[in-house]
Every structure is written in structure tokens, then in C-alpha cells.
Amino acid sequence: MMNQLTLPVLAAALVFLGTSSRVYGAAGDGTNAADFAVLCTLDRLASASVEETYPKVDTTPLALSEIRAIVAATTTAANITEVPEDNNTNEEEARQKACPTSASNAAECVVHWNKWRVVKKAAATSQNKKYPPLDAAQRTNPAAAGYIKALHDLESAATMEQSTAENKATTAADPAKTSAKTQLTNAKYGAGLTEFKEGTGNTPGPGKGSSREGACKSPNAGSSIVHDLICLCVADNTATGSVCGVTANQCSGAGLEACTGANKKAAYGQLWQACQASTQAKLSPTTIHAALAAFSSRLKQDPAADPASNAAVYLRTSQTQACGGTTSKLCVDYTAGFKDSKGRKDIYWYGQMEAAAAALETLNKEQTAVRQTMNKLEQLAAQAKQLYTFVQLAPTTTGQITDKPKHDTNTRCDTHKANSTCTADNNCKWDSTTATTGDFCKSKQTGTETPSPAAGTGEGAAKEGAAASTGCAQHFTDQKECEKMNEGKEKPVCAWKKGGENDKDKDEFRCRNGSFLLNKQFALSVVSAAFVALLF
């Protein structure tokens, strides 16, 4: 398994050797190339852009907007239908009228009004009328009531899903806010650094050390990937040539400790240029772990060395159990990182790379959750489209159908406080012979309305001028007796309802044959079954 993990790194080393062969010739040239390739791969990963590899998930509410457009096109809710849609409306005045500041729920009302104002205005100004507003008959069709309610419930659920997606996308799923960004730059340049800055005295940074041996062992070795690359590859007056197969001899005039920060930075620039010529693995937890495993596979151990003072664990080849350096023996001493049970995690940049891998794994998980939520919203939008079609195609009859309880009509009649407005409502009657105002407006309806028979059947109607004596017709104007006709019956035989086109008193509630009621109830049950099938 380890050999498989290191194959890409070794292949990269061959690339370095091939592209740098023109500088070979001196003893030791290219001897550290494979180890350089391992650190180079880690350096490239530490330099990768998290935002480019894990771009922010798009949470534009396209699906939610579509669902809301459908609700606006089908609803009977006054707090939506009364929100204006035209461009010329004075929004401030309209909003204030709908949501007076004196109202207890004024703030909530404003949010609601603003939401539906955006939806309706967008629908009205759109060139593509995907969901034309349905007419009043379609919206108030009792057969469509279940679908319209389902649309409202669906919009509420979609609103919650959209909010969840947006919140997560700007927090745990936001690549700009993951700790991996800081951990990667820490691994590359050193703790708290975001660019090359030479370490001197008590200041951390690449190239810090009183000598090459001091620079390339604890506490400096492992402080950053850049620092370790300098130890492994940058020549000085004790080690000449292109040890890593790359010309980086800006410090060859003296010992590494005497090399200026500018020269060390320039030397690293040469190494980085060579790194960029290699094939770059995509930043991910998997590639980080693979690169760390490849690094571990390149470490060497000297059983004879005393870990307390010698180089017992190191990268490349030690010189007399130290990383002091000769032409062919530049190395990095990691012994201090293996003195306790933590092992490689005590190598600072190694621990930071592992932490970055864990953070990226979390980021990927959170982004996946956001994408799944957005996909769910697309599915809800698809259901909303089907419900819109169901509302459009819901069956209607020639007579009036309502499945609302009688208190709905009573409540509506109770709003009329004047005889003139009460009698203008066909469902209401004025229950006073003297008063012209007051609480005298009552519903004509004393039971649940039912659909009338097909036009021209004449069911339940007594012939004008003839006495009704049999069946439902004998109780033509008596609702109580009409309803008693159904007592003890397995199925209703009479219904208090309006008549068909050719029936007597067709616009008035009378006792009529109830067989059509059964047919309509059956039809509605079929529609309800279709609705249940859609939802589940």
C-alpha cells in the first residue's frame, strides 16, 4: 500500500531529474531529487486555493421562487391576493395600509407583504408567463381546495429548507471560513505566516538557525515545508551543486546561517519554480494523506544514533549522525518529532497538514448537505408544478359545490351589518322586519351545500301546479323532513340542494333526489387518491 501511495511522488521525482539533467555533473547532483519531490508535492498542496477546489455552493432560490409563483397564481388567501403586483403601486403606502404600525403583528406582516410583493411583481413583469393566475372559479373550486392547501404547506416547507441551505452555505460550508486555509499556510510558511519571511532570533520563519546543523534540526526542522526545503536543497559553502536537481546556489558564498533573507527567498523561488513544473494533485483529504504517507516512507532511521543528541530519524542522508551538510549529504533531522507517542504529529507542518485534511473533510460534508437540500427544493418545485396542473384540471359542476362547513357562510353573513348589503349577498338573508342595521344578517344555508344534478334532468322537482306526494318531492320545501328521508338508509336518497337548469326553483335550495351526490362524492374521492399518490 505504501509503495502505491508513493508512486505519483516518485514519478514526479523522475520529472525533476529529467528536466534538471542539464545542471548535473558535480558529485551529489540530484541525490535528493526524490525527497525533494515528496516535499514539493506537499508544498503544492499547502499552496492550493481552498475556494477554487471547494467553491461556495450556489443557493440562489430559483426553486423556492417558482413554488411561490405557483402559490400566488392559485391561492385564495387575502393576505396574498390583495398584495399589488403592478409597477406603479406606491409600495410604502400599500404596505402601511396592509400592515398598520398599530397592529400587534406589524413586523411579521411587513415581512410577509414584502415577500409576496416581490413574487407577484416578478410574475407580472415576466415575459414568460409560466404560471398564469387562475380565475376565481378555479381558485374557489372545492375540488381544488386540497391541492391549494398542499401548495401552501409545500411553500412553508421549501422556505425552511432554503433558509437552512443559505445559513449553512455561509457558515460551515463556506470555503472562506474553513480553518483549513490557515492550517495550509501555517504548514507552508510557519505558524502565523502567510508569506516567506526569514526567521531570525526569536522570530519564526524559513531559514532560521545559527548554522546549517542548527537550522536543520529541532526546534527549526519541521517548522514549515519551505524551511525544510531550504535545508534539503539549498547549497552553501559546505555543500555545492544541485543536490535536488535544481540550481539554488544563492547561498553558496558562505554558510547557510550567514545567507541573507533575500538570498534564501530567491533560492526558495528557484525550488518553487521547479515544483510548479510538476503535475499537481487536486487538493483533498485523500491527496494530503497520500502525500504525508509518501513523506513518511522516505524517512530513514539510524538505530545507532542517540536520539537525545544525534540525528536518529531524518530525510535523505546524514553526515556523522547529523545534518551539518556536505555536498552529497544534505538532510533534515526530524528526531525530536519522534520522542513521544505523537510521532510525526510533532513535526509542526505535518500536524497542520493533517488538521487541514480533517477540516476539508468537514467542509466537503457540509457542502454536500447544502447541495442535497438544493436538490430537495428542486423536487418540491416539481411537485408544485403538478399541483398547479391539478388545480387547473380539478372537476367542476354546473351547480354550486362547497365542502366548507356552514359556519363559513354564517361568518361571512355576520360581516353584513346593513339590510342592503346583506340581501345583496345571495347566500344571506335579513332576519328582521323592522331594523335596517344591526346583527340580523343570517345564512340562508342551514346544512352543507351539495352539487346539483346535471342540467335538464329535472330530478326532485314537482311539476308546477301539481301537488308533490311521493319521494323527495313530497318535502320539496321542508329541509328537516327532507333530511329525515335518509334516516335508516345505507345511502342518502334525498339532498337539500339547488336544482338543475330545468328544475323548479333551480336557484333555491329544495329537497331533491340525492343520487348525484353519491356520484360526486365518488369523483372527489378519486381526486383525493390522486393527491395522496402525488405526495407519497
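Heads up, the Cβ atoms here are built off N, Cα and C, so glycines get one too.
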Range annotated as region 'Disordered' - as stated in TrEMBL, picked from 158-181, 278-301, 326-349: 158-181
Confidence summary (mean pLDDT) of the domain 'Trypanosome variant surface glycoprotein B-type N-terminal' (16-378): 89
DSSP helix/strand/coil residue counts for the compositional bias 'Polar residues' (159-170): 11 helix, 0 strand, 1 coil
